[in-house]
Amino acid sequence: MAFVTRQFVRSVSSSSSASASAKKIIVKHVTVIGGGLMGAGIAQVAAATGHTVVLVDQTEDILAKSKKSIEESLRRMSKKKFAENPKAGDEFVEKTLSSISTSTDAASVVHSTDLVVEAIVENLKVKNELFQRLDKFAAEHTIFASNTSSLQITSIANATTRQDRFAGLHFFNPVPMMKLVEVIKTPMTSQKTFESLVDFSKTLGKHPVSCKDTPGFIVNRLLVPYLLEAIRLHERVSYGDASKEDIDTAMKLGAGYPMGPFELVDYVGLDTTKFILDGWHEMDVKNPLFQPSASLNKLVAEKKLGKKTGEGYYKYK
């Protein structure tokens, strides 16, 4: 009798485990909202790994530019990946591009998608309005995810009725090259949703790491204060600390970083860095790591935002 009982328990346990696994969403159809650098990159890697993708933005002109940038990126990659077989490279590019369609009407395309990834402007009100609208049209099983790098995921999820199917999915720039994805779980995110997003990240060839809904998640929470400390070190140069050039050289040669902090902040964008810092400072005004920077504020006010404008802490031709 005991043997039969043990066998029954094992059978039930195995069945429950299989059932739990079956409940996870296998993401096949992806809708990416935002055709900018990040959105286009996410669409590219999803399409390149066998997913059907709809890329959404406000105008056909933006979407045409997005598709062009995706094609250029794919052709660069295919030259390296298929160096000895150019024909296979061309086939890879064409197959990937054929998996991406575009739309200017997000509400009309989310009814049949498994996952919506938002990569639009870092503005909570705009994100909330988007997700509140899409929540009415998306299928019951559809998972919502935001690629925000600085805003609280919970605050965005609260605009919907699917807080259990909402999480952060933070990719890094450039998306096709960077292996890391931060999967952010809010207190309301279900385990099923979390595991589905971890599995999805792995199918993209990425390495997912888990983080709770804390400001900056993992990378930016460590990176932004580091960048600001470098800026403050430079701002104290009149007291004999160090020049920005020497700080960059020191961190590259001494810490083994591929870029110095001033090179990196120019690459990221001074406006983006200031936006993140200002948000954190507002949440925790007494935290010394989140204090505003005079030189950063000055450069942003002068529209010197880094590489994208031709000048930031350095000048670019």
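Using N, Cα and C of the backbone, Cβ positions are placed for all residues, glycine too.
Fair warning: this is a prediction, and the values are worked out from it, not measured in the lab.
Quick look at what TrEMBL annotates:
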- 29-214: domain '3-hydroxyacyl-CoA dehydrogenase NAD binding' (DOMAIN)
- Gly34, Gly35, Gly36, Leu37, Met38, Gly39, Asp57, Glu122, Lys127, Ser149, Asn173, Lys308: NAD(+) binding site (BINDING)
- Ser73, Lys80, Ser149: CoA binding site (BINDING)
- His170: site 'Important for catalytic activity' (SITE)
- 216-316: domain '3-hydroxyacyl-CoA dehydrogenase C-terminal' (DOMAIN)
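The binding-site residues shown are Gly36, Asp57, Ser73, Ser149; of these, the one with its CA atom nearest the CA of His170 (site 'Important for catalytic activity') is Ser149. Nothing from the binding-site residues Ser73, Lys80, Ser149 places its Cα within 10 Å of the Cα belonging to Gly36 (NAD(+) binding site). For the binding-site residues Gly34, Gly36, counting C-beta atoms within 10 A of each C-beta gives the highest total at Gly34. Of all the recorded positions listed (Lys80, Lys127, His170), Lys80 has the fewest other CB atoms within 10 A of its CB.
Here the candidates are the binding-site residues Ser73, Lys80, Ser149, and by Cα distance the one nearest Gly34 (NAD(+) binding site) turns out to be Ser149.
DSSP places the residues of the domain '3-hydroxyacyl-CoA dehydrogenase C-terminal' (216-316) in helix, strand and coil in these numbers: 67 helix, 3 strand, 31 coil. Farthest C-alpha pair in the CoA-binding residues Ser73, Lys80, Ser149: 30 Å apart. Same-chain residues at least 6 positions away in sequence with a Cβ under 8 Å from that of Asn173 (NAD(+) binding site) are, in sequence order, Leu37, Met38, Gly41. Across the residues annotated as binding NAD(+) (Gly34, Gly35, Gly36, Leu37, Met38, Gly39, Asp57, Glu122, Lys127, Ser149, Asn173, Lys308), the widest Cα-Cα separation comes to 24 Å. Proximity of Ser73 (CoA binding site) to non-local residues of its own chain (separation of 6 or more, Cβ distance below 8 Å) is seen for Ala40, Gly41, Gln44, Pro174, Pro176, given in sequence order.
Mean pLDDT for the domain '3-hydroxyacyl-CoA dehydrogenase NAD binding' (29-214) in the predicted structure: 96.
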